[in-house]
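Q: This is the structure I have questions about; it appears just below.
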Amino acid sequence: MRLYTAEEMGSADRAAQEMGITGRILMERAGVGMATLALERFSPRRAVAVCGGGNNGGDGFVVARELHRAGVEVEVVASKETYRGDPEANLRALRALGIRVVGPEGLEGVLSGAELVVDALLGTGFSGEVREREAAMIRQINASPAPVLAVDVPSGVDGSTGEVRGAAVRADLTVCAHAIKVGCVVSPGREHAGRVAVVDIGIPPGAEVEPSVVLNDAASLAGLIPRTAEPAHKYSAGALLVVAGSRAMTGAAVMTVAGAQRAGCGIVFLVTAAGAAPLLDARLTEAIVEGAPEDAAGHMGEEALDAVLGRAGRASAVVVGPGLGVGEGGRRLVEGILREVEAPVLLDADAITNLAGSGALARREAPAVITPHAGELGRIMGAGAREISASRLRCAREAARRHRCCVLLKGSDTIVVEGDRAAVNPTGHVALATAGTGDVLSGVIGALLSRGVEPYDAARAGAWAHGRAARLWLEETGWPAESLIATDLLSHLPRAFAELLGNSPEAEGPAAPGSGAG
Ligand SMILES: NC(=O)C1=CN([C@@H]2O[C@H](COP(=O)(O)OP(=O)(O)OC[C@H]3O[C@@H](n4cnc5c(N)ncnc54)[C@H](OP(=O)(O)O)[C@@H]3O)[C@@H](O)[C@H]2O)[C@@H](O)CC1
Ligand SMILES: Nc1ncnc2c1ncn2[C@@H]1O[C@H](COP(=O)(O)OP(=O)(O)O)[C@@H](O)[C@H]1O
Ligand SMILES: [K+]
């Protein structure tokens with residue numbers, strides 16, 4: 001599925017016009033397609049179309065005309081006094097049909113009794129902060145009890161970034177012309193968009209441009225995860241070292257290791273604080289657990305580095321961080337790992353926090369992935385979680401550039417960035433907002449790294465499978481999303497991976513003796 005920024009959509013639009021498909025044709029098809037969806041999804045008897053002064057408003061005029069033709073009682077609010085070009089022609093058609101058109105001052109009146117509001121105030125031509133006049137209209141739309149269908153992008157949301165500065169429409173359904181706009185899948189825009197649909201507006205294939213952000217769907221991940229090839233042994237299937245846990249925090253290490261095992265690792269080593277090792281050894285039947293020196297707080301510090309490096313020599317990837325503990329010793333441990341370990345390293349949780357103010361990631365030449373949530377990213381970017389959350393795509397890109405690594409920024413829209421590449425994951429679910437799911441994710445991505453998958457692809461595939469596992473659990477149990485606990489993901493990760501691998505475990509048949517991940 002394609003994602004476009006405003007600029008990319010503009011390029012495709014211009015290319016289409018150069019091929020003789022006029023803006024008027026595109027607008028007509030957009031409006032007709034959107035009206036069809038409005039009728040299908042909402043069956044309104046009374047509708048209001050709130051139309052701005054640009055082409056987004058022009059689309060809205062076409063939607064209004066089509067709804068009227070289908071017998072819906074329609075009223076139109078036109079935000080500008082004078083229109084030009086295609087929007088003007090479409091507005092004239094409304095007037096000729098006797099459809100009532102009022103100015104912004106009439107909005108409140110027409111909203112009462114509406115069964116659908118079509119939000120065509122601002123589209124991809126908008127960025128920055130909404131001016132007060134339009135902001136007041138947006139607040140009125142949001143105060144109306146009627147469902148809202150947003151044309152192309154919810155008004156007030158930056159279509160290229162998902163950023164919202166000030167007022168923005170909260171839609172139930174956003175219908176994008178030709179391609180989903182990036183701002184409809186990146187938070188906070190994502191939360192404003194509601195469900196997202198696309199209508200074909202007749203852009204010919206030759207007019208497509210290369211998108212700068214991709215939707216991390218199953219199709220884009222096809223073929224990226226290798227099966228374990230014969231002749232195989234447990235090391236060739238992927239050997240992961242997990243450096244996690246502290247005396248008072250053991251569950252995080254369990255979930256990271258278990259996530260890695262279910263994502264196909266042949267062997268998982270855990271180096272943990274000495275005080276946590278006996279308990280973790282008992283709980284992790286298949287893993288090889290080693291206790292390393294700990295400080296008075298029960299955290300591993302620089303003294304644990306020898307144990308870590310000893311094990312790292314046998315591992316094809318390393319995950320550091322869950323339950324590690326925060327402090328100066330932990331910082332030196334993480335810096336030592338980044339300096340000494342050649343294999344891909346994934347940093348999560350406290351390992352990221354420990355690097356606040358450190359240049360160790362940027363200095364590292366070998367591959368690295370970090371998997372922060374907004375708060376953790378803020379710590380290594382010298383910013384607050386709110387600042388990160390307001391500009392997620394920009395901040396993830398900036399972090400990847402500054403720290404020279406692959407960045408997976410967690411959230412409802414999990415974003416993966418490396419260099420110029422960026423992907424937004426669609427499988428996330430609110431059910432994942434529960435303690436420990438991030439630990440499972442770092443184990444899953446670590447497993448993929450250990451199996452030789454490139455960092456950017458490992459992060460994308462891991463995020464996809466992690467979200468998909470939650471959805472499979474919801475489908476299978478029928479239980480409320482709130483009841484999911486992180487370890488529930490473990491039993492559903494295999495089915496999520498089966499979908500990515502393209503064949504179910506049953507279809508594969510029983511493994512021959514001596515094959516598969518040990
Ligand atoms: N491209 C395509 O292929 C196709 C595009 N299509 C459609 O066109 C849309 C893009 O249309 P667009 O470029 O005319 O811009 P649009 O979103 O209507 O915004 C301009 C209006 O917003 C206003 N405005 C701006 N900033 C503001 C602010 N801060 N605060 C308040 N107001 C502000 C600005 O006001 P002005 O500055 O002019 O006073 C002007 O009135 C796109 O989303 C899709 O729906 C389809 O028809 C088919 C093919
Ligand atoms: N509302 C949400 N929708 C989708 N995914 C979410 C949501 N909230 C959290 N997640 C996902 O859940 C995981 C939480 O990770 P994290 O915050 O590190 O938790 P923990 O440290 O407790 O494991 C991340 O993968 C994140 O993307
Ligand atoms: K809109």
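Glycine residues also receive a Cβ, built from the backbone N, Cα and C atoms like all the rest.
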Q: Figure out which of SER79, SER144, SER155, SER160 sits with ASN56, ASP119 in the K(+) site per TrEMBL.
A: SER155
Q: Need one residue: from GLY384, GLY438, the one TrEMBL lists with LYS410, GLY411, SER412, ASP413, THR414 for AMP.
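A: As annotated by TrEMBL, LYS410, GLY411, SER412, ASP413, THR414 share the AMP site with GLY438, chosen from GLY384, GLY438.
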Q: Using a 6 Å cut-off on Cβ distance, which of the binding-site residues ASN55, SER155, LYS410 come close to any atom of ligand 1?
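A: Once distances to ligand 1 are taken from each Cβ, ASN55 fall under 6 Å.
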Q: Sorry to bug you, but what's the C-alpha spacing from SER155 (K(+) binding site) to SER127 ((6S)-NADPHX binding site), rounded to the closest Å?
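A: Each residue's Cα considered, SER127 ((6S)-NADPHX binding site) and SER155 (K(+) binding site) end up 10 Å apart.
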Q: Within 10 Å of HIS373 ((6S)-NADPHX binding site) (Cα to Cα), which of the binding-site residues SER155, LYS410, THR414, GLY438 do you find?
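A: Those near HIS373 ((6S)-NADPHX binding site) - Cα within 10 Å - are LYS410, THR414, GLY438, in sequence order.
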Q: Determine, to the nearest whole angstrom, how far the Cα atom of GLY411 (AMP binding site) is from the Cα atom of SER155 (K(+) binding site).
A: 23
Q: Taking ligand 2 as the reference, state which of the binding-site residues GLY58, HIS373, LYS410, THR414 have a Cβ closer than 6 Å to one of its atoms.
A: HIS373, LYS410, THR414
Q: For ligand 3, which among the binding-site residues ASN56, GLY58, ASP119, SER155, ASP413 have a CB under 6 Å from it?
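A: Within range of ligand 3: ASN56, ASP119, SER155.
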